[in-house]
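Asker: This is the feature table in Swiss-Prot:
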ACT_SITE  109  active site, cysteine sulfenic acid (-SOH) intermediate
DOMAIN    64-222  domain 'Thioredoxin'
MOD_RES   84  N6-succinyllysine
MOD_RES   92  N6-acetyllysine
MOD_RES   92  N6-succinyllysine
MOD_RES   147  phosphothreonine
TRANSIT   1-62  transit peptide
């Protein structure tokens with residue numbers, strides 16, 4: 001009797017979830033591409049509970065980690081208005097901020113990309129390049145760049161936009177929403193030796209700070225150069241800590257007078 005009741009309870013709970021999953025998958029697959037794109041955009045930006053049932057990331061297959069080498073990537077990018085084949089190897093000897101965004105011609109995404117582009121010179125000043133990645137084609141990237149900012153476009157770009165049309169880069173970096181076929185807002189800081197120093201992932205509706213990755217690159221470089229460590233909210237003007245029980249007291253005595 002208890003077993004039968006348990007099966008009945010499970011079927012009553014499980015059926016709505018599976019029904020939701022099927023309805024989302026079927027409607028997504030059967031619609032034309034443009035309609036499918038609009039459907040995904042509306043659903044993913046609305047934070048509706050159905051999306052939580054349907055979408056899982058690729059992180060269960062592979063999750064890059066801080067201190068590990070970044071997964072190799074290559075693809076076609078838009079660089080200074082031209083198409084160019086690009087790979088991780090092109091950034092040896094430099095820091096790289098590699099950030100993923102869901103789709104071209106959306107809402108939050110252009111605000112992030114434009115903000116990074118406007119700060120490009122500050123990244124270049126610390127030997128760091130910035131590359132934005134989505135599952136759109138390089139043709140879509142170029143069309144978006146050629147769209148005025150007042151119309152939701154990108155305008156002139158000082159950073160690179162990389163195409164991940166096969167979704168393999170997003171998958172390798174563990175940020176791909178498999179069912180939706182788009183990437184979460186993942187951001188990776190990769191050092192000149194190809195090692196991941198930082199990673200973060202935002203849910204779709206919230207954009208990222210541009211100042212924080214720049215601060216982190218400067219902090220990692222300071223540690224490499226000086227051998228001291230950076231406390232919370234460190235900036236280049238802030239005191240740092242000598243990493244030993246005795247020497248660290250100099251910092252703590254200074255900030256806790």
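Cβ from N, Cα, C; glycine included.
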Asker: Considering the modified residues 84, 92, which residue's Cβ sits among the greatest number of other Cβ atoms within 10 Å?
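Answerer: When each Cβ's neighbours within 10 Å are tallied, 84 leads.
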Asker: Here's one to test understanding: among the recorded positions 84, 92, 109, whose C-alpha is closest in space to the C-alpha of the residue listed as 'phosphothreonine'?
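Answerer: Checked the recorded positions 84, 92, 109; minimum Cα distance to the residue listed as 'phosphothreonine' goes to 109.
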Asker: Rounded to the nearest Å, what's the C-alpha distance separating residue 84 (N6-succinyllysine) and the residue listed as 'active site, cysteine sulfenic acid (-SOH) intermediate'? Just drop the number here, would you?
Answerer: 22
Asker: So what sits near residue 109 (active site, cysteine sulfenic acid (-SOH) intermediate) in its own chain, CB-to-CB under 8 Å and at least six residues off in sequence?
Answerer: 101, 102, 103, 134
Asker: Three-state secondary structure of residue 147 (phosphothreonine) from DSSP?
Answerer: coil
Asker: Report the mean pLDDT of the predicted model across the domain 'Thioredoxin' (64-222), rounded to a whole number.
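Answerer: On average, pLDDT over the domain 'Thioredoxin' (64-222) sits at 98.
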Asker: When DSSP is mapped onto helix/strand/coil, what comes out for the residue listed as 'active site, cysteine sulfenic acid (-SOH) intermediate'?
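Answerer: DSSP assigns the residue listed as 'active site, cysteine sulfenic acid (-SOH) intermediate' to helix.
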Asker: Can you tell me whether DSSP puts residue 92 (N6-acetyllysine) in helix, strand or coil?
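Answerer: Once the DSSP labels are grouped into three classes, residue 92 (N6-acetyllysine) ends up as coil.
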